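Below you'll find the structure, written out as structure tokens, and then a few comments.
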Amino acid sequence: MSWGTELWDQFDSLDKHTQWGIDFLERYAKFVKERIEIEQNYAKQLRNLVKKYCPKRSSKDEEPRFTSCIAFFNILNELNDYAGQREVVAEEMAHRVYGELMRYAHDLKTERKMHLQEGRKAQQYLDMCWKQMDNSKKKFERECREAEKAQQSYERLDNDTNATKADVEKAKQQLNLRTHMADENKNEYAAQLQNFNGEQHKHYYVVIPQIYKQLQEMDERRTIKLSECYRGFADSERKVIPIISKCLEGMILAAKSVDERRDSQMVVDSFKSGFEPPGDFPFEDYSQHIYRTISDGTISASKQESGKVDAKTTVGKAKGKLWLFGKKPKGPALEDFSHLPPEQRRKKLQQRIDELNRELQKESDQKEALNKMKDVYEKNPQMGDPGSLQPKLAETMNNIDRLRMEIHKNEAWLSEVEGKTGGRGDRRHSSDINHLVTQGRESPEGSYTDDANQEVRGPPQQHGHHNEFDDEFEDDDPLPAIGHCKAIYPFDGHNEGTLAMKEGEVLYIIEEDKGDGWTRARRQNGEEGYVPTSYIDVTLEKNSKGAVTYI
């Protein structure tokens, strides 16, 4: 099947068909271009979506590490990789399909134009041959008519008796001339006719079939190119399917990594204060004086007075404890994190100690490297001046000393808060404290232990008479203040010789802790007594401020 033999007379139709083929090629190229833009916009929107929901990571404190959050962040990372694969698809289509189509369409237009010009030239040449043949035919026909007229004129004169011999001779010469010209035109016409027939046969059986064959091959190559582009269009997508599958598998693994138990434990670790719930309120029997008898009225009254507890004071103290589980008191962040609950304070201090240890290790490594470099310079002076490293060594040593001091300070704070947390572990109600302290087995914070070596002793007991202890507070010359302290926790102070205090209250320090766990303090109004050392933050200074209660 060949266009040259089957479509020898359909030049205009082939012209339109080849133009339609190029238009269709360009239309498909436009489709691919729009698909590329869709892929690029899709990838861009996915990346913007990932960027919008990714954590800012501005502060470690604002970075929750719940498994559900980590899984979501992993899904965002996989989605970002997925967006990258969409960009790969767009780039592959742009390079392998769209770019190739545009180059081929340009070459196809040039080739089509050349073939059509050759076909038009062949047709013009055939038309020119036909015109030459037609002109010679018309001239031959005209000369034949003129020869017939000359023959008729000669025959008329020859039969006319009145005609002169000269007229007859002239007519005969004219006839001969016209006959000769008719013969020449006949030969010319025959030659032109033969030439035209040859050119026409060549045109329809050689030239046109060759041109149409080239157009057919061009159109078939266009069809093949479209097929290749269709395949490349699909291959661009198929190549990234394995990677996209890995991205989806990563999302599934992230979903499987969510651990609700671990998240619940992290909530506990993040918000645990370390405080114990407040104890029960003591029963206050106001009906005893109603049923007392006359005989024991005085005794009952004295017992009632001695055992009476101020309800307002008790309730006020209980409320002072409840803030730990409500809203936290607002205040500036302190260096020792004392504004935080014990458990959170312990974690913060431990984190800071770990960071300081890492910095200390870096500084130690740098010091070791500088010392090695100094030794090399001392052995090989041409490599450098050992003295030039001295400022850097001094700076490194200062940094190491500073970091060690910081670590020591934070470890002291950590030991303090760990001691308090341990002491609060078995805290009991104030009525139990009053009962157990008399046996010497209860700490100021109410921690009870069976190990006698680990006991925390009660407030200092006077070996003399009770009046001697009272006289100690009634001395005309009170002890001078050597500092002040701030109550970290409230203390009931029911025991003899102790001083009750509210949380945040500031007191004078008149006697330091002598190792028994108690510190002697005095209020601004002159009231003195012992308070648990672990319940206060002590500052020793010469000029101490008076007692102030922070609300």
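The backbone N, Cα and C atoms fix where each Cβ goes, and this holds for glycine too.
Listed features, source TrEMBL:
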| type | residues | note |
| --- | --- | --- |
| DOMAIN | 1-263 | domain 'F-BAR' |
| COILED | 130-174 | coiled coil |
| DOMAIN | 339-416 | domain 'REM-1' |
| COILED | 346-380 | coiled coil |
| COMPBIAS | 418-432 | compositional bias 'Basic and acidic residues' |
| REGION | 418-477 | region 'Disordered' |
| DOMAIN | 480-541 | domain 'SH3' |
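DSSP places the residues of the domain 'REM-1' (339-416) in helix, strand and coil in these numbers: 72 helix, 0 strand, 6 coil. Sequence-distant neighbours of the coiled coil (346-380) (same chain, 6+ residues past either end, Cβ-Cβ under 8 Å): 269, 274, 336-337, 340, 386, 389, 392-393, 396-397, 399-400, 403-404, 406-407, 410-411, 413-414, 417-418, 421. Below 8 angstroms of C-beta separation, residues 181-182, 184-186, 188-189, 191-193, 195-196, 200 of the same chain, each at least six residues beyond the ends of the coiled coil (130-174), sit close to that stretch. Mean pLDDT across the coiled coil (130-174) comes to 87 in this model. Residue counts of the domain 'SH3' (480-541) by helix, strand and coil are 3 helix, 29 strand, 30 coil (DSSP-based).
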